[in-house]
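Asks: One structure is given below, represented as C-alpha cells, and several questions about it will come after.
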C-alpha cells in the first residue's frame, strides 16, 4: 500500500522534473542562438572588427566540449539536480557579464565559461531525463530537444525586438544561428552597426542577454527545490540501474553512437548554416527567397521535433531513426544531384529539415533500451555532437572557398547521410549481441515491454495456474494473494513508476512457463509451505 501512495507523488515529481528540464533547454537554445544576431554589437562593444573576434566562437565550443566531459564525470558522483542548478547559475553570471565586457580577452573567457556550463546542462539534462523515466523516456526526450529548437528559434526574434528592429536585413542570418559555431562570422560581418546607432544599440542589445540570463536564473530555482526534496525518483532509478546489465559491447556501441551523432549534427548545422549562401550563389535566388528557404529548413525541423513528442509515445525509437535515416538519404540525394530543379530544392530542404529533427533524441532513447547510459556515456554523445558541429561546417566552409563552382554543402549533406545510414545497422547488430553468461536472457527493457502489453493476458493465465495449483497443492491462498497483488501493481505501474517496474521484471512472468506449468519460484514457495 505504501508504494502505491508514494507512486502518485513520484509520478508528479517526475513530470515536474521533465517540465523544469524543458524550461532549462529552452534557455540553453536561446543562449546559444542569441550570439549570432548580437555579434556585431559585441564586436563594437570590445572595439574590434567582426572578423577579428571569431575566436569567441572557438572559446565557446572548447568550453562546451570541456563542460560535457566534466559534467559526465561529475554526474556519476554528485546529485544531478544540484549540478544542473549550479551550471545554470554560471550561465546566468556569464550572460549578465557579457554586455558590460569591454575587453576581447575577457569576452572570450566569459564565452568559454558559458560554453562549459551549457555543456554540463546538455549532458546532465539527458542523463537526468533517462534516470527519471527509464524505458519510458521517448516522448520526454523528444520534448527536451524540441524545447532546445524552440529556444534557438526565439532568441533571434528576442534580439530583434531588443534592437528595435532597426537592422531588419539581418533577420535571415538570425534565424540560422541554431547551435551556431563558426557560421555567424561571415554572415554577421556584412552588417556592422553604424557609429551613429552604436550607443543606442549597446543599450538595447544588452537587454536580450539580461532577459535570457534572468529566465535561466528563475529556472535554476526549480532544480534547487528538487535537490532539497532529495529527488527520490532518481534514487529509485539508481537501484533499478544496478539490476540492469551493460550491453556486451557497451563501449563499442557508445563509440559508434559518438560517430553517428558527429556526422548527423555536423550535417544539420552545416546545412542550416550554408543553405542561405547556396541559394544565392548556386540557385541565384534573391535574398528574401534565400532567407525563406533557410526558414523552411529550421521551420520543418522545429515542427517535426514538436510532432515527435507525440510520435514517440507509440513508435519505438528504432523505428523513428530508420524513418528519419531513409527520408534524409532520399532528400539529401535529391539535393546533391537534382537541386537545379527549383521545386526539388524546396521540397528536398523541407524533407531534409524534417528528417533531421528526431535523430538525436531518438538515438539516446534507442541506446537506453540496450545498455545503461550513465554520465560518462552521455558525455560522449554530447562531445560527438559538439565536435561534428565544430568540424564539419568549418571543413565545408574551407572546401567551398577552394572549389567555388562545386556545391560542397549538398555533397556534405549526402556524404553524412550515407555515413549515418551505414552506421546504424552496425550499431543495431552490436546492441543485439546476447550476453555470454545467459544467452537466452531477454533484455530488460523488452521484458518490461512484454509486461506492459501482456498485463491482460497474465490475468487469464493466472486462472489456469490457480486451477492447476488447486489440484496439486492444498496451501495456495498465499501465492494467489501475491499474484493478485502483483497484477494490481502492474496495472497501476505503467503510469506510476518505471523504476519499480524494472526492479521486478521476473515476478509477473514467473507463474507461467511456456508449457503452462507454474514457474520454479511459485513451485518452491508452495512446496516449502506444504512441508
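Even glycines carry a Cβ here, placed using N, Cα and C.
Given the structure is predicted, the values throughout are model-derived calculations rather than measurements.
According to TrEMBL, the record shows the following:
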type	residues	note
REGION	435-463	region 'Disordered'
REGION	496-531	region 'Disordered'
TRANSMEM	12-33	transmembrane segment
TRANSMEM	53-75	transmembrane segment
TRANSMEM	82-99	transmembrane segment
TRANSMEM	105-131	transmembrane segment
TRANSMEM	143-163	transmembrane segment
TRANSMEM	206-228	transmembrane segment
TRANSMEM	249-276	transmembrane segment
TRANSMEM	321-339	transmembrane segment
TRANSMEM	345-367	transmembrane segment
TRANSMEM	379-399	transmembrane segment
TRANSMEM	405-428	transmembrane segment
Asks: Taking contact to mean three or more C-beta pairs under 8 angstroms, with sequence separation of 6 or more, is the transmembrane segment (206-228) in contact with the transmembrane segment (12-33)?
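Replies: They are in contact.
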Asks: Under 8 Å, at least three CB pairs between the transmembrane segment (12-33) and the transmembrane segment (379-399) (pairs 6 or more apart)?
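Replies: With fewer than 3 qualifying Cβ pairs, these stretches do not touch.
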Asks: Are the transmembrane segment (405-428) and the transmembrane segment (143-163) close, by which I mean at least 3 Cβ pairs under 8 Å that are 6+ residues apart in sequence?
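Replies: Between the transmembrane segment (143-163) and the transmembrane segment (405-428), which are separate recorded stretches, there is no contact, as judged by 3 or more close Cβ pairs.
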Asks: Same chain, outside the transmembrane segment (53-75) by at least 6, Cβ under 8 Å from its Cβ: which residues?
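Replies: Sequence-remote neighbours of the transmembrane segment (53-75) are 35, 42-43, 46, 83, 87, 104, 107-109, 111-124, 127, 180-182, 184-185, 374-380, 382-383, 386-387, 389-390.
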Asks: Short question: which residues 6 or more past the ends of the transmembrane segment (379-399) have a Cβ under 8 Å from it?
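Replies: Contacts of the transmembrane segment (379-399) (Cβ under 8 Å, skipping residues fewer than 6 from its ends): 61, 64-65, 68-69, 71-73, 75, 119, 122-123, 126, 179, 181-183, 186, 254-255, 257-267, 269-270, 273-274, 360, 363-364, 408-409, 412, 416.
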Asks: With Cβ distances under 8 Å as the criterion, find the stretch in 143-163, 249-276, 345-367 that has the most pairs with the transmembrane segment (321-339).
Replies: 345-367
Asks: So which residues does the transmembrane segment (143-163) touch in its own chain, when a touch means Cβ under 8 Å and the partner is 6 or more beyond its ends?
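Replies: Same-chain residues near the transmembrane segment (143-163) but 6 or more away: 18, 21-23, 25-34, 36-38, 41, 125-126, 129, 171, 174-175, 177-179, 201, 204-208, 211-212, 298, 301-302, 305-306, 308-309, 357, 360-361.
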